[in-house]
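Worksheet: the structure to be examined is printed underneath.
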Amino acid sequence: MNLLNKSLEENGSFLTALYIIVGFLALYLLGRALQAFVQAADACCLFWYTWVVIPGAKGTAFVYKYTYGRKLNNPELEAVIVNEFPKNGWNNKNPANFQDAQRDKLYS
């Protein structure tokens, strides 16, 4: 209240009231500017998400499904992956066992 009393003594009640009103008006305008900025940022994010992120993800899924995904469903490739995978797990300290499906042999 010391600042208010000093302003009242030096400037009078009219100018002090005017300064207070101008201060509140400045705070109001600052709030409106921030609100407009947040609204613009929200619209920008929504635009990029709608027109870039979602179509990009769907396009990537589509390309994967009809290119690499189709190749991965090849039974010959699956047989190679399954049969050449070590039969004793990931972190086993024993030497890996590999199975040769074409010759029905087990290698270690």
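Note: Cβ is positioned from N, Cα and C throughout, glycine not excepted.
The model shown is predicted, which means the values in this text are computed figures rather than measured ones.
Record features, source Swiss-Prot:
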TOPO_DOM  1-10  topological domain 'Virion surface'
TRANSMEM  11-31  transmembrane segment
TOPO_DOM  32-108  topological domain 'Intravirion'
REGION    88-108  region 'Disordered'
COMPBIAS  89-100  compositional bias 'Polar residues'
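Sequence-remote contacts of a segment are chain residues at least 6 beyond its ends whose Cβ falls under 8 Å from one of its Cβ atoms, and for the topological domain 'Virion surface' (1-10) they are 16, 19. Here the topological domain 'Virion surface' (1-10) is broken down by DSSP into helix, strand and coil counts: 9 helix, 0 strand, 1 coil.
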